Amino acid sequence: MNKNMLVRSARPTLASIHRLFSAAAAATVDTATAPVVKPRSGGGKGGESANKKETVVGGRDTLGGRLLSLVYTKRSAVVTIRKWKEEGHSVRKYELNRIVRELRKIKRYKHALEICEWMVVQEDIKLQAGDYAVHLDLISKIRGLNSAEKFFEDMPDQMRGHAACTSLLHSYVQNKLSDKAEALFEKMGECGFLKSCLPYNHMLSMYISRGQFEKVPVLIKELKIRTSPDIVTYNLWLTAFASGNDVEGAEKVYLKAKEEKLNPDWVTYSVLTNLYAKTDNVEKARLALKEMEKLVSKKNRVAYASLISLHANLGDKDGVNLTWKKVKSSFKKMNDAEYLSMISAVVKLGEFEQAKGLYDEWESVSGTGDARIPNLILAEYMNRDEVLLGEKFYERIVEKGINPSYSTWEILTWAYLKRKDMEKVLDCFGKAIDSVKKWTVNVRLVKGACKELEEQGNVKGAEKLMTLLQKAGYVNTQLYNSLLRTYAKAGEMALIVEERMAKDNVELDEETKELIRLTSQMRVTEISSTIS
């Protein structure tokens, strides 16, 4: 059975495998999506302006300049290309490929996809396997995995090879669908498609993000048998050791990379700096950070945000400010990731006035509405118990048209919980849950709210919290016991608790039975009657 037939036979499996994470799109032709391991520096929407080009380059008008200057997603890349052709200019495939690559680097995926789709319908443009791989990756990002899988299914047989499979694997990893990723990875091995380290890097990235560190050495051993690791492989391996604060293991990996004649990049030293800082190896951290600084340049702009964060972790105010000054002198406009890391850094260093000044600057120049940035200021107000100022700042956020995120509501919930204002706690907590499609349980917050409601004997509040948690799909025996303890504190009878628990598929334990017995001897109130 040939490779294409083998992949075809995997279609039912692929259709049931779903998403994934890594960065594979153009496996062999484009490394822009290769997984990069770096400390969490805030990410952000600011990438739009990161490498923005002028329409006129070197005194001449270019198609790339026009497309890169679109910025707003509502504007059409196809219209721009058509107009270019109508003006008598030629359009070359290699030029469009380069533009797509640039757009992907600055996260302008919609315009990149429009260009790919335009190329598909041009009879004079011959597409290669790598083009389909990039196209699939962009579909996954813009339209979702189902559309990407259908695109893969409809792809010409000869294009459904190593590059396309690696791109699909990337999508599965990004969407954290490990079963689908593992099934596809196994099928790629059977087809002989594991001929580069990129698919392995995607799988390593997934296992590390899931905390499955035991799978890392096994996969690297297999990788070395089939192909050669690159510096990204070693950075991922390094990250696995760093996640467990294993300095000795990380240093061995670093030395192995050097032995393999692989040049460490800024990510390598970023991971090492972060590890050394976490484990109080301050001098080693500073040395690693100096090595990282040597490798940071305009070409890898994303590194600056990481650099700022690492200086802050080491308590280096001068390093933070000097890096920020360098960024501002290197680029016309700062992006959200840079503002996020800088504001976070100065807050960490106790420079709240500077942080507020930076926020004012961001607010005046950015139109992204990225709630993560005002959340830093809001959280610091609340941490300082300056609740009234925090509330005024929240009003300012809303007036500016910034939509509160889940984190915004969670910050407010914690602040009001600290003040024991349970009415506002429950209001903000409900809005937090409503702001996300699927709520990830914050156990500490739930326990804190339950404890305060119990201490207050706040039956009405406890019942409202139970309703919110039922709506979010999070109900258990401990929550019902907390509710019963609240009734007991208030001296009130809790009615039909056993029936309610049965309806929620929650089992009674010994404490539940004792609390039901205890509260059954108490008075029936308006709340009790309403619930029954």
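Keep in mind that glycine also has a Cβ here, set from the backbone N, Cα and C atoms.
So that you can see what the record holds, here are the features copied from Swiss-Prot:
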type	residues	note
REGION	35-56	region 'Disordered'
REPEAT	161-195	repeat 'PPR 1'
REPEAT	196-226	repeat 'PPR 2'
REPEAT	230-264	repeat 'PPR 3'
REPEAT	265-295	repeat 'PPR 4'
REPEAT	300-330	repeat 'PPR 5'
REPEAT	335-365	repeat 'PPR 6'
REPEAT	370-404	repeat 'PPR 7'
REPEAT	405-435	repeat 'PPR 8'
REPEAT	442-472	repeat 'PPR 9'
REPEAT	476-512	repeat 'PPR 10'
TRANSIT	1-28	transit peptide
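Beyond the ends of the repeat 'PPR 7' (370-404), by six or more residues, the same chain brings 42, 44-46, 336, 339-340, 343-344, 347, 352, 355-356, 359, 362-363, 411-412, 414-415, 418-419, 431, 435 to within a C-beta distance below 8 angstroms of the stretch. Counted with DSSP, the repeat 'PPR 10' (476-512) comes out as 24 helix, 1 strand, 12 coil.
For the repeat 'PPR 1' (161-195), DSSP puts the residue distribution at 26 helix, 0 strand, 9 coil. Outside the repeat 'PPR 10' (476-512), and at least 6 residues removed from its termini, the chain residues within Cβ reach (under 8 Å) are 446, 450-451, 453-459, 462-463, 466, 469-470, 518-525, 527-529, 531-532.
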